[in-house]
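Each remark here refers to the structure printed beneath this line.
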Amino acid sequence: MMWKTVLITIFAAGVLADDFSQITAVVTSQCTKNNAEDKVPEVEAALRTFGNCLKGLVDLNVLKTEIEEAKPNGALDEVFKKYCDKSAQLKGCISSVLQGVRPCVGNEYANHINDAQNSTNQLIDFVCYKDGDRIALFIAEGGPECFQQKTENLKTCFLNLKQSFPTVESANNLSLVEKCAKVDEMTSCIVKSLEECSTPTPANMAESLIKFMRKDSPCHTALPKTD
């Protein structure tokens, strides 16, 4: 499901960029692959609606300006409270687009759409805990800069996981415990990379998020962790 979620993210990025020409080609290809050519207009409409929904919730340029203006005044929490108050609407946007692309993701992945929705809801809840205190602290402590500095290291972490699952067939041949172990290796790699930054907050935040999301995943019972 991971790569299908990435695909949806790419769709969304195109929608937000107001460049639908590239999305049309990808949607057509994906729908054709799953014998759902007739669903192309329906999926495109869902993606357009998703893009408009997101634009109605946040203007990224405005948000960036608000963050920069709030940093010197220590008012980041006020900025994120305003946006976290819209989290229920954001969850609705995501739910709608996940259901909207269902006809073109194939039966194997369609069965995991609810899991994807639960995961994104958990992510939103984590980020917006206490009206966004976590994300405010993350930015105030140089989190984005840390991620930027460690981009290549993080890419390596993801690439190592991808090489463990080069094909759908190879992934299916692994047991759940084996899959969870591979994912745990990747997340440990991420945290270790971020620990090299000048402040501990980015690594601590990433580790907390990973633990938070793992707790409600099949890996929590299949491969329990004591720490």
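We count from 1, first residue shown onward.
Positions of Cβ are set from backbone N, Cα and C atoms, glycine also.
Quick look at what Swiss-Prot annotates:
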| type | residues | note |
| --- | --- | --- |
| SIGNAL | 1-17 | signal peptide |
| CARBOHYD | Asn118 | N-linked glycosylation site |
| CARBOHYD | Asn173 | N-linked glycosylation site |
Worksheet entry | Asn118 (N-linked glycosylation site) in three-state DSSP notation | helix
Worksheet item: According to DSSP, does Asn173 (N-linked glycosylation site) fall in a helix, a strand, or coil?
Response: coil
